[in-house]
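Written below as structure tokens is the structure these notes are about.
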Amino acid sequence: MQAKDSNPPDGGYGWVVVVSAFMVMGLTAAVLKTFGLFFVEIQQHFDELASTTSWITSVTIVVFHLGAPVASSLCVQYTHRTVVITGGLLAFSGMALGFFGLNMVWLYATTGFLQGLGISFSWTPAISIVSHYFSKKRALANAIASAGECAFAFMFGPFFQWLIGQYGWKGALLIIGGIQLNICVCGVLMRPLASSCFLEASHCETETPPGNGASRTDKEDQSPIMPKTFNWMLVRRPEFVLYAIFGILAAMSFFVPPLFLVPLSYSLGIDESWTASLLSILAMVDFGGRLLCGWYANLHVTKTIHLLAMAITLISTSLMLLPLANNYLSLAIFTGFYGFFFGTTVAIHITVLVDVVGMPEFDSALGLFMLIRSTGGFVGPPLAGLIVDMAGDYRAGFYMAGAILVLSAGFLIILDRLQQRKIRGSKIRTKPEKSTLPYPSLHILKHQ
């Protein structure tokens with residue numbers, strides 16, 4: 001049986017799905033975010049260059065983004081539950097096989113490729129199914145789910161460090177892989193929406209309403225929950241193209257501040273212990289920003305695309321001001337502003353994507369958006385590094401990131417104008433024609 005996608009439950013079992021997605025975000029994105037703790041251990045073990053060792057994380061990030069459209073396509077053909085469980089098994093396999101640590105190529109293939117594919121197959125359907133279960137509360141649900149990345153990253157830092165100290169980096173990989181098997185449990189809890197009865201307690205899809213000879217199921221079977229094929233033609237839609245360009249520019253900027261924050265603090269003469277606390281501040285305010293923005297967006301006071309444009313503008317402002325810091329306190333304050341508004345952006349950008357393409361095309365759009373956005377993540381850090389080298393100052397990287405974000409906000413404004421114009425055009429086309437006849441009775445006779 002099928003449930004109308006236009007009338008998701010907006011609660012009930014949907015909150016179980018949100019908690020499951022929260023866990024998946026932590027067991028995937030947070031693991032990737034804190035994997036740098038293994039960097040020095042692996043580098044020293046194989047006596048390799050830093051650039052050679054860094055390819056492990058690079059391969060993971062590349063496969064994570066490239067695998068997104070594949071994961072979305074599988075969600076369309078099968079179910080979100082099946083893909084998430086598959087992703088959990090792949091993530092576990094990547095870490096467990098990495099335990100053997102034969103050589104660097106082996107780690108590229110295991111903790112790089114398999115882990116990246118597992119993260120992609122888990123993260124993509126987990127964030128997608130939340131949007132299927134919620135409509136009015138979609139922004140809040142997405143914010144809570146995405147906050148799992150911040151909460152787990154905050155805990156995984158000291159925990160992973162302890163595991164490495166107790167069991168070595170190989171043993172730590174095996175244990176983390178075992179922990180990632182919980183992704184499969186979360187996947188089992190992600191019940192397909194179409195298999196459930198989400199109408200009122202006394203009414204189900206199989207019931208026949210009074211005075212209607214057709215069953216509710218027969219009617220709703222005509223409106224399936226998702227398309228049967230992956231829609232690659234979204235790249236021809238101007239609205240999606242504009243939002244994808246925004247995604248590329250935003251990704252070019254978002255990867256830069258975490259990369260240069262620590263070196264900038266060192267250049268200011270800040271102690272290492274205080275510098276480490278900046279990352280904790282970043283995680284905490286990011287977490288708060290996601291939840292607060294999700295709550296506010298749920299009030300429907302401001303259009304989500306307007307809220308996103310404001311958040312992007314405030315992020316760019318904080319990045320422009322951050323290089324003005326000359327001590328720990330001012331640097332911590334500007335870092336907090338950046339982290340908070342970054343959290344608000346992450347909380348609602350998926351919701352805006354749903355508004356742009358519509359729920360029937362969302363699974364395809366999410367995969368394509370992740371694939372296209374990845375180009376910004378690949379280009380941004382090297383470009384910022386080149387500018388820093390030319391300027392001889394880490395502050396230049398923050399100025400570059402802020403300027404690009406201002407440009408990305410411009411594409412959001414253009415997208416909003418395009419959507420408003422289409423809405424006005426549709427209202428004009430559907431507006432009933434006024435009668436030119438002097439009397440209503442003559443108007444009636446004319447149509448008889």
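A Cβ is built for glycine as well, from the same backbone N, Cα and C atoms used for every other residue.
Unlike curated entries, TrEMBL annotations are predicted automatically.
Under the heading domain 'Major facilitator superfamily (MFS) profile', TrEMBL lists 14-420. When pLDDT is averaged over the domain 'Major facilitator superfamily (MFS) profile' (14-420), the result is 83.
Taken from TrEMBL, the feature transmembrane segment covers 12-35 (among others).
Marked as transmembrane segment by TrEMBL: 55-76 (among others). Listed as Cβ neighbours of the transmembrane segment (55-76) (distance under 8 Å, sequence separation of 6 or more from its ends, same chain) are residues 32, 35-36, 39, 42, 82-83, 86-87, 104, 107-108, 111-113, 115-117, 119-121, 123-125, 128, 226-230, 363-364, 366-371, 373-374, 377-378.
If you look up TrEMBL, you'll see 83-100 (among others) marked as transmembrane segment.
Feature annotation from TrEMBL assigns transmembrane segment to 106-127 (among others).
According to TrEMBL, the transmembrane segment annotation covers 139-160 (among others). Beyond its flanks by at least six residues, the transmembrane segment (139-160) meets 14, 18, 21-27, 29-31, 33-34, 37-38, 126-127, 130-131, 133, 172, 176, 279-280, 283-284, 286-287, 290-291, 293-295, 297-298, 304, 343, 346-348, 350-351 of its own chain at Cβ-Cβ distances under 8 Å.
For the transmembrane segment (172-190), same-chain residues at least 6 beyond its ends with a Cβ under 8 Å from one of its own Cβ atoms are 16-17, 19-21, 23-24, 27-28, 31, 38, 80-85, 87-89, 91-96, 98-99, 101, 111, 118, 122, 125-126, 129, 160, 163-164. If you look up TrEMBL, you'll see 172-190 (among others) marked as transmembrane segment.
When Cβ-Cβ distances below 8 Å are used as the criterion, the transmembrane segment (240-262) is approached by residues 234, 275, 278-279, 282, 312, 315-316, 319, 322, 335, 338, 342, 345, 349, 352-353, 356-357, 365, 368-369, 372-377, 379-381, 383-384, 388, 394, 397-398, 400-402, 404-405, 407-408, 411-412, 414-415, 418 of the same chain, each at least six residues removed from its ends. The annotation transmembrane segment is assigned in TrEMBL to 240-262 (among others).
For 274-293 (among others), the entry in TrEMBL reads transmembrane segment.
Sequence annotations record features per position, and here TrEMBL assigns transmembrane segment to 305-325 (among others).
Counting same-chain residues at least six beyond the ends of the transmembrane segment (331-354), those with a Cβ under 8 angstroms from any Cβ of the stretch are 127, 131, 138-139, 142-143, 146-147, 150, 243, 247, 250, 254, 257, 261, 264-265, 268, 270, 277-278, 281-294, 297, 304-305, 307-308, 311-312, 314-315, 318-319, 321-322, 324-325, 362, 365-366, 369. The annotation transmembrane segment is assigned in TrEMBL to 331-354 (among others).
Look at TrEMBL and you will find 366-384 (among others) tagged as transmembrane segment.
The transmembrane segment annotation in TrEMBL covers 396-415 (among others).
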**Request:** Select the range from 83-100, 305-325, 366-384, 396-415 that forms the most Cβ-Cβ pairs under 8 Å with the transmembrane segment (12-35).
**Result:** 83-100
